[in-house]
Amino acid sequence: MSRIYEQIEKDVEKIIGQYDGDKNGEVTINEAIEFFKRMGSKYPEKCAIVLFKMYDLDNEGKISYDEIQEEIFKRYQDKVREDQIKQYFQDDIEAFLLRYDKNRDNRIDFKELEQCFESIGSDHPKENANHIFTEIDKNRDGYLTIAEIKNYCRNTIRSKPYYQS
């Protein structure tokens, strides 16, 4: 993990070096506009404004090495968290299929799901299975596929207030 952070630091130094016209370690809005002009941007002012909205964390009108590094680290950590969540659900889906896909066709039919609820002691296994099928079986073919389950989990996570992408 530390090699990744070292690479991010090197990349941030390159970024600052490209934008920082007077080489003082900070980038002003004018330096960013000049950089985008040199790069041939049709909209250098707009590009600079977007850059500053992303990285001028303290709204001082200049971007420092620390601000860029902090934002890149934050985005990297958010990506790692998202990848961990995806892996968690992938593992859960596979374990669910291994346990309840009795005929090993890589999908769950209504009866298999009903038996799943029975095995965990549900008082209303048929109603629970029906509810799940209504929510997840989007093509109404009578089977829950890995893709449908993943899609449902992904949409459910994104609708929660604690998840930010």
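Using the three backbone atoms N, Cα and C, a Cβ is placed for every residue, glycine included.
Per Swiss-Prot, domain 'EF-hand 1' is recorded for 7-42. Residues or ranges marked as Ca(2+) 1 binding site by Swiss-Prot: Asp20, Asp22, Asn24, Glu26, Glu31. Annotated domain 'EF-hand 2' per Swiss-Prot: 43-78, in sequence order. Look at Swiss-Prot and you will find Asp56, Asp58, Glu60, Lys62, Glu67 tagged as Ca(2+) 2 binding site, backed by sequence analysis. Annotated domain 'EF-hand 3' per Swiss-Prot: 88-123, in sequence order, evidence recorded as sequence analysis. What Swiss-Prot records for Asp101, Asn103, Asp105, Arg107, Glu112 is Ca(2+) 3 binding site, and it gives sequence analysis as the kind of evidence. Summarising the annotation, Swiss-Prot assigns domain 'EF-hand 4' to 124-159. Positions annotated as Ca(2+) 4 binding site by Swiss-Prot, on the basis of sequence analysis: Asp137, Asn139, Asp141, Tyr143, Glu148.
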Smallest number of other CB atoms within 10 Å: among the binding-site residues Asp20, Asp22, Glu31, that is Asp22
Students should find that the Cα atoms of Lys62 (Ca(2+) 2 binding site) and Arg107 (Ca(2+) 3 binding site) sit apart, in Å rounded to an integer, by 55
Collapsed DSSP category at Asn103 (Ca(2+) 3 binding site)
coil
Check the Cα-Cα distances from Asn139 (Ca(2+) 4 binding site) to the binding-site residues Asp22, Asn24, Glu26, Asp58, Asp105 and tell me which is shortest.
Asp105
Conformational class of Lys62 (Ca(2+) 2 binding site) under the three-state DSSP mapping:
strand
Using C-alpha atoms only, work out the spacing between Asp20 (Ca(2+) 1 binding site) and Tyr143 (Ca(2+) 4 binding site) and round it to an integer in Å.
58
Same chain only, sequence gap of 6 or more: which residues have a CB within under 8 Å of the CB of Asp58 (Ca(2+) 2 binding site)?
Glu67
May I have the list of same-chain residues other than Asp101, Asn103, Asp105, Arg107, Glu112 whose Cβ is within 8 Å of the Cβ centroid of the recorded Ca(2+) 3 site, in sequence order?
Leu97, Tyr100, Lys102, Arg104, Asn106, Ile108, Asp109, Tyr143
Looking only at the domain 'EF-hand 1' (7-42), what are its DSSP counts of helix, strand and coil residues?
23 helix, 3 strand, 10 coil
Residues in the domain 'EF-hand 4' (124-159) grouped by DSSP into helix, strand and remaining coil
25 helix, 3 strand, 8 coil
Residues near Tyr143 (Ca(2+) 4 binding site) in space but at least six apart in sequence (CB under 8 A):
Arg107, Ile108, Asp109, Asp137
